[in-house]
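Novice: My questions all concern the structure below.
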Amino acid sequence: MDSHHPSPEYSSLLLAGPRAGALKQAHARLVVTGHSRSLPLITKLATLAVAAGAAPLLSAALPFSSFTFTAVAKACADLSAIRTGTAIHTHSILLGFGSDRFVLTSLLVLYSKCGQLGVARKLFDSIRDRSVVAWNAMISGYEQNGLAERGIEVYKEMQAAKVVPDSMTFVATLSACAQAGALDLGREVEKRIVSERMDISVFLGSALVNMYARCGVVDKARRWFDALQERNVVTWTSMIAGYGMHGHGHEAIKLFHLMRREGPPPNHITFIAVLSACAHSGLVMEGRDAFACMKRIYGLVPRVEHYCSMVDMFGRAGLLDEAMQFISDYMPGEPGPEVWTAVLGACKMHKNFNLGVEVAERLIALEPENPSYHVLLSNIYALSGKMHHVEKVRNTMIKRRLKKQIGFSLIELGGISHLFRMGEMSHPQTTEIYQYLEELIHRISAAGYIPETESVLHELEEEEREGALRYHGEKLAVAYGLMMSVGSTTPIRVIKNLRICGDCHLAIKFMSAVENREIVVRDKHRFHHFKVGKCSCLEYW
């Protein structure tokens with residue numbers, strides 16, 4: 001088949017598109033013209049049949065073989081057509097292809113992409129001679145479904161099995177490192193890429209930029225960005241998002257303007273990164289301009305994430321009236337929980353308790369079983385001195401068995417992650433960590449640190465609050481990092497799964513000063529670079 005002049009049969013498939021009736025006619029044409037065994041044509045037919053959800057046509061049209069099962073499973077994976085894919089899986093077993101490694105690998109890719117990791121892992125474990133594609137699919141499946149640590153484990157299993165990785169292995173592994181904050185492994189992968197003189201494709205380059213940005217080394221991310229010969233929209237967006245997360249809003253905007261002049265057109269995700277950068281740096285005018293040019297210049301219709309970022313930007317800047325006006329004037333339909341959560345955070349930050357209570361009650365009405373909204377409402381009441389309302393909210397939570405999300409902090413030393421929760425006692429060096437932390441708190445107290453007791457549950461007495469604050473996970477993680485690296489000048493890097501509390505933020509500023517060490521904390525929303533008693537967020541978090 002001439003690639004420049006498609007055959008009439010191929011053209012008929014293209015004309016049919018993903019429509020079951022038209023595809024049946026196109027299939028009949030293949031049979032009549034003697035092309036029903038042509039693998040390129042049958043593969044195209046299978047892809048379109050999957051898109052049309054025409055499973056009966058698949059079973060009628062396909063000459064069952066390892067190749068066709070593999071091709072159809074790949075088509076299902078590309079379209080996330082899990083129901084059709086499951087049916088194909090069943091057919092492959094019934095017709096004797098259940099142990100074919102090519103079929104199993106394509107099914108593994110399908111289940112990984114569709115988030116069915118339990119099935120994917122069973123298939124992965126059943127493949128005797130796994131190809132690099134199978135390993136890549138398992139690493140990528142875990143990473144794309146928020147299980148980066150499991151993806152990293154698979155990469156290490158791959159190394160132990162002495163399987164030679166390819167470029168896509170490193171892309172998936174670097175993405176997992178970015179998500180987990182596994183900087184040491186990310187650097188190992190980078191060294192291997194450089195030492196083996198691998199071709200730095202746009203995908204691999206983007207993965208390196210993203211890994212360094214999300215692991216807190218934004219300068220190294222920019223060096224990779226500048227070194228790349230080819231940059232796509234993902235590369236530009238990763239770098240802009242990296243600047244935003246680190247509080248370098250002006251750098252993010254400069255890069256966005258450069259992208260508009262010299263790079264590919266920005267997409268929806270680029271604008272989320274730009275607006276988020278503006279929100280975390282107080283760049284209200286720049287945020288307004290970016291939002292306005294989305295539709296006017298690029299024809300992009302704002303999504304809920306863009307509206308949420310704008311509300312967050314106004315709220316963080318203390319422009320709560322403008323935030324509420326924006327919701328009223330611009331948002332189509334009823335605002336969702338994401339928008340009201342942004343408003344509530346701003347109410348707490350700027351102590352607008354009346355609006356905060358109103359917004360929290362809206363959130364609870366929208367999602368009554370979400371414990372975080374009850375906790376936020378309780379905190380708003382407590383900060384405004386309405387302790388009887390605090391008691392009512394707590395009682396409601398107990399009655400409904402609602403529990404707030406448990407916070408934890410991670411620190412990686414020597415390639416090993418150490419997890420700390422509040423009052424963590426399971427670490428083998430617990431005694432030494434607590435002793436070191438006590439000495440550290442004594443030193444920062446002498447330097448002027450006074451605990452912010454508003455950061456803990458308000459039903460505790462003052463003395464109990466200080467005790468609860470003392471052993472927060474981020475303090476334990478920082479203390480452990482400092483204890484294990486005495487004399488070093490390398491920054492301490494901690495990852496927090498929730499927003500860092502006010503007291504830990506204050507304490508770590510003092511710790512960075514008395515220890516003369518940079519301490520980097522990545523919380524749920526952004527990076528905090530603590531250095532000589534100051535934080536890069538400039539209290540804008």
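Each residue, glycine too, has its Cβ placed from N, Cα and C.
Computed from a predicted structure; not experimentally measured.
For reference, TrEMBL lists these features for the protein:
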DOMAIN    448-541  domain 'DYW'
REPEAT    131-165  repeat 'PPR'
REPEAT    232-266  repeat 'PPR'
Novice: Using a Cβ cut-off under 8 Å, which residues of the same chain at least 6 positions beyond either end of the repeat 'PPR' (131-165) come close to it?
Specialist: 101, 104-105, 108-109, 111-113, 115, 117, 120-121, 124, 172-173, 175-180, 182, 185, 417
Novice: May I have the DSSP-based helix, strand and coil counts for the residues of the domain 'DYW' (448-541)?
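Specialist: So the counts come to 37 helix, 16 strand, 41 coil.
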Novice: Mind looking up the mean pLDDT for the repeat 'PPR' (232-266) in the predicted model?
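Specialist: Value for the repeat 'PPR' (232-266), mean pLDDT as a whole number: 96.
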